[in-house]
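Each remark here refers to the structure printed beneath this line.
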Amino acid sequence: LPLQIYHSSVLLAILYLLCHHGLFCLYLPYLTSIAHNVYRLVYTVLLTVFTSGPILPFKLSDIGEGIMEVTVKEWYVKEGDKVSQFDSICEVQSDKASVTITSRYDGVIKKLYYEVDATALVGTPLVDIETEPGPEVVHEEDVVETPAMSNDEHTHQEIKGHKTQATPAVRRLAMENNIKLSEVVGTGRDGRILKEDILNFLAKQTGAILPPTPFHEIQPPPPAASAPSSASMPKMKPTPSVQLPVVSRPVFTGKDSTEPLKGFHKAMVKTMTAALKIPHFGYKDEVDLTRLVQLRKELKGLSEARGVKLSYMPFFIKAASLGLLHFPILNASVDESVQNITYKASHNIGLAMDTSQGLLVPNVKNVQLLSVFEIAVELNRMQTLGATGQLGKADLTGGTFTLSNIGSIGGTYAKPVILPPEVAIGALGKIQVLPRFNSRDEVVKAHVMNVSWSADHRIIDGATMARFSNLWRDYLENPASMVLDLK
């Protein structure tokens, strides 16, 4: 507008304000209804111009490791919703992990660029946000943020007469795990309950250890923490049961369907293609777990009194770590040119886990420093997060050795495939009650499990794998012997 029109418009707006509030009305009889409407229109336009903020595109930035695209799994907002800084915008899934994107700005969502299950490319906008008026907003690079886990101890507070603030996704997560939002302390802005608050609360109910800061592949391990005694532990509520997946009835449609590979399925293609370049060799053996079955039976009640479910897997993992101390080449990696071997300082033992998102392999960090109970605590945490699709990048990376418990589904033998850059993997079959001969040639009932090992034959020979397997088997068949080597 020309400067004169601009000044006239401002004057008209001021006159409208005065008339609107009943001032000078007696002194301005010449203001007709037409003029009044003109002033009101100008006032509205000026109010809109001076009070609305800029619309900023919220872009998906580079999240590292060569990832160029993600799948939008869930939106926590819709067009027209008001958001604040650090509010969750959406959840996306790469071929590494599921992550949550949070807002950098206070404002209103004007546009969503993708539907659920659509593929979002790095560098493209996810949403448009109309920022609130005020000082000029600096447009920064938007980032994808992994849900942060807090180790702070919060006291449970009863929120009375106050509406709890949480997104529908958070409310659904709480409902699925039988958690009352009124018992959860929100760490978001203005007391908003975030998804990580629910996970923190759930972890405390199960006695789980919350994940540390992102782990680097080779990192000096922290001092081992002593396991708390049952007397010092607070009384735990029963662990929320995870509902088993409902088996749907087969439906014959008579039509072919094609869909693109996404997320973890796409990652599996990439990993297994690389694994085929490794010359595998297999080794199988039988393990008598009769003594271990009795030991677990004795310890199960004590562990559950501390709020932790004790399975056989913590013993398998700890026995593997004790064996790796004697055979460090199985806890190593080799470069692409097969010229150098890197012996890993930490035993980050992975567990292949069947989830609704597909095959995931989170790993327990620094097993060489953990007790059997501490390993059980960490497995409880990972299983809880896996069931809710919340395993983060720190849990899924940095593994050095892997065990796959195929027996949990029902198999006895398998031919496991190595997960590069690791050099060995074991597959555990189901525990069967079978007749066996004891030392006095008597037929007795034995709890027998089969194990199948695969190793990288470029750097590991069969004799090394056999000796490791024998030592691992001895620890499990005589679990009391593990006490001599525990640290």
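For all residues, glycine too, the Cβ spot is worked out from N, Cα and C.
Please treat TrEMBL annotations as automatic predictions, because they have not gone through curation.
Per TrEMBL, transmembrane segment is recorded for 6-29, 41-60. Per TrEMBL, the feature domain 'Lipoyl-binding' maps to 55-130. Here TrEMBL flags 165-202 as domain 'Peripheral subunit-binding (PSBD)'. Positions annotated as region 'Disordered' by TrEMBL: 216-240. Under the heading compositional bias 'Pro residues', TrEMBL lists 216-225. Annotation comment: TrEMBL describes 226-240 as compositional bias 'Low complexity'.
Under DSSP, residues within the domain 'Lipoyl-binding' (55-130) fall into helix, strand and coil as 0 helix, 40 strand, 36 coil. Secondary structure of the domain 'Peripheral subunit-binding (PSBD)' (165-202), assigned with DSSP and counted as helix (H, G, I), strand (E, B) and coil, comes to 23 helix, 2 strand, 13 coil. Confidence over the domain 'Lipoyl-binding' (55-130), given as mean pLDDT on the 0 to 100 scale, stands at 82.
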